[in-house]
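Asks: Sharing a structure, written as structure tokens. Questions coming.
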Amino acid sequence: MLRLLRLLLLLLLLPPPGSPEPPGLAPLSPGAPPQAPDLLYADGLRAYAAGAWAPAVALLREALRSQAALGRARHDCGARCAAEPGAALPAVLLDAPGPDSGPGPARGTWERLLLRAALRRAECLTQCGAQRLGPGGAARFRVGSALRDAFRRREPYNYLQRAYYQLKKLDLAAAAAHTFFVANPTHLQMREDMAKYRRMSRVRPQSFRDLETPPHWAAYDEALELLGRQEAGLALPRLEEALRESLAQMESCRAGCEGPEEQQREEEEEEGAGSQGGLYETIAGHWIRVLQCRQRCVGDTATRPGRSFPVPDFLPSQLRRLHEAHAQVGNLSQAMENVLSVLLFYPEDEPAKKALNEYQAQLGEPRPGLRPREDIQHFILRSLGEKRQLYYAMEHLGASFKDPDPWTPAAVIPEALREKLREDQEKRPWDHEPSQPKPLTHWKDVLLLEGVTLTQDARQLNGSERVVLDGLLTPAECGVLLQLAKDAAEAGARSGYRGRRSPHTPHEHFEGLTVLKAAQLAQAGAVGSQGAKLLLEVSERVRTLTQAYFSPERPLHLSFTHLVCRSAIEGEQDQRMDLSHPVHADNCVLDPDTGECWREPPAYTYRDYSGLLYLNEDFRGGDLFFTEPNALTVTAQVRPRCGRLVAFSSGGENPHGVWAVTQGRRCALALWHTWAPEHREQEWTEAKELLKEPEEEEEEEEEEEEMPSKDPSPEPPSRRLPRVRDKAGKPPRLREEL
């Protein structure tokens, strides 16, 4: 009933039909206390699923508004209560404990001081939360980690853009889409949607704006643009705003470290690990986690939406630009104030010291009142106090802490930890890389024998059990196999697709050829026997390399071999939105919503490794790409070329697809391998029998007479056909190094 009333209320708040939509995603009910964001979001998704687009928009917007209002309330209450007399922590508690910390209060005094301050702070926060958020305060708005991650990834805007599109509000749809895309730049579907919006004549260019841009990034980027145009005077207000908003954003982040969500995370961790220790151990553990969270706020503030890594030295770099801009316009006092602030971070910074001397010389007289910025002094002193406590916890309590700042003075770090941290920092990058799946000695000789080079390993492909190898085919061999595919298509052969002309997309024409069909066509004279034999030989070559690289201890068998060509159909490529081959895994049914991959029919569950050997590159589109289990986030992309093999394990760890082929014809040899002998490719053996020369049959009969017994299902012989020579008639040169 409560949710129904909420829905009716939000419907009343919607503007009447035909009225102009407020700009962006403006609040629906200014001044009203926020509602539970998780309930609003869930109701919004239900309305969206039911096709109730207007209620979905109202609920999703209100969820976003409530989430933002909740964050502001926590920040404001935290700042107000921290400044209230009697609620501040005793000064003696702000430094790390230790034998060298000097005389402290009498035994038991600090406990009373701490308890009194903690109780007063709790009372203040409770009262403030009730005033701002209603009875229960922030505690009743506690949400799970999944919802927090959804808001962090801006997922509500993904649903909003589609709902706005259905409501024909295209400018708002484009704004919501752009807002989501900024934070999710590798999202495949949104990339396609953005391209669609840009082609729409009714969508204005100014609609593509980020509705969630943090103020400090907006000001910082505008300032950089002005500095690039040598307009230091115009850039200065934006630089000041960027620094001020950066510090405010950090304060907001720090306030969240004390919220009920952090407490919930601790409770979940304790449930998994088992709660240990008594009163003081529990208090210390909670406080350490709060400090760790606060220190992470530096990196969070310095990380652009959609980026994985923070801008290094974000605050010092802003101060450097500030003192240089002030100096350019003649504000030498402000320039000195900012360069002195830089020296708080890096006291031995030579460019900063040189600039300070120049400013003092230009001023011509000493200015004893000039000192670093107060906001920066406060930030550094507080940060150093927290670092001392965390390093103490590392040394004595076994806590973990990764310092986000390169400017931390060595004196803050306990001497016992300095050597270990120095060793960690000086480790070579490859010391941190995952080990190769198998030692190089298992496959290096095979690569050299085949004349193959390792182009990308799993680390470079951002995944596990993936590899790109080049040089498996010469250009002449690629030409023979391309001609085989062409001749087979002209002969009307279609195999492997169960009669379907376009199995994956109606915008491309597919041709498939199995090894057995190729052998049968060669026997009938419809295709050349050289191509059919090479198809067999190359498939065995790929199997040998795949086993050598991934599974030297366990034999792999060919499970299926398929020569596939896909050609773009002319006149059907404009505004095309689909893929040549949708994202999938080869031995399990991928569920992008949950990230699970169910190893059950109709998937080919017995396939263990996959391979794609490309024959050409003279086409547009058609790149292979790997994604996260959500089937949306691209992790790696590979461009086809003659003789390039992409091999990978066939499970849910390697979802992959193929971008649309929009021009030309793309041909590749697709191969799957299995550890199960019962699933080996019987057609391979049949095709080999059909393609035998009379001399080979006589030799095998003589060998059989000499052999007393024979394995009823032997592996295909390792003897290979000689490699096809190139146009110059020279055999391919083996590469001497990888």
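We count from 1, first residue shown onward.
Cβ coordinates are placed from backbone N, Cα and C, and glycine is handled just like the others.
In case it helps, TrEMBL gives these features for our protein:
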- 1-20: signal peptide (SIGNAL)
- 253-277: region 'Disordered' (REGION)
- 259-272: compositional bias 'Acidic residues' (COMPBIAS)
- 561-675: domain 'Fe2OG dioxygenase' (DOMAIN)
- 683-738: region 'Disordered' (REGION)
- 683-693: compositional bias 'Basic and acidic residues' (COMPBIAS)
- 694-706: compositional bias 'Acidic residues' (COMPBIAS)
- 723-738: compositional bias 'Basic and acidic residues' (COMPBIAS)
Asks: Could you give the residue numbers and ranges of same-chain residues that sit at least 6 residues beyond the compositional bias 'Basic and acidic residues' (683-693) on either side and whose C-beta is under 8 angstroms from one of its C-beta atoms?
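Replies: Contacts with the compositional bias 'Basic and acidic residues' (683-693): 514-516, 518-520, 522-523, 529, 532-533, 536, 539, 558, 561, 716.
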Asks: Any idea what the model's mean pLDDT is for the domain 'Fe2OG dioxygenase' (561-675)?
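Replies: Overall, the domain 'Fe2OG dioxygenase' (561-675) comes to a mean pLDDT of 91.
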Asks: Could you count the residues of the compositional bias 'Basic and acidic residues' (683-693) that DSSP puts in helix, in strand and in coil?
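Replies: Grouping H, G, I as helix and E, B as strand yields 8 helix, 0 strand, 3 coil.
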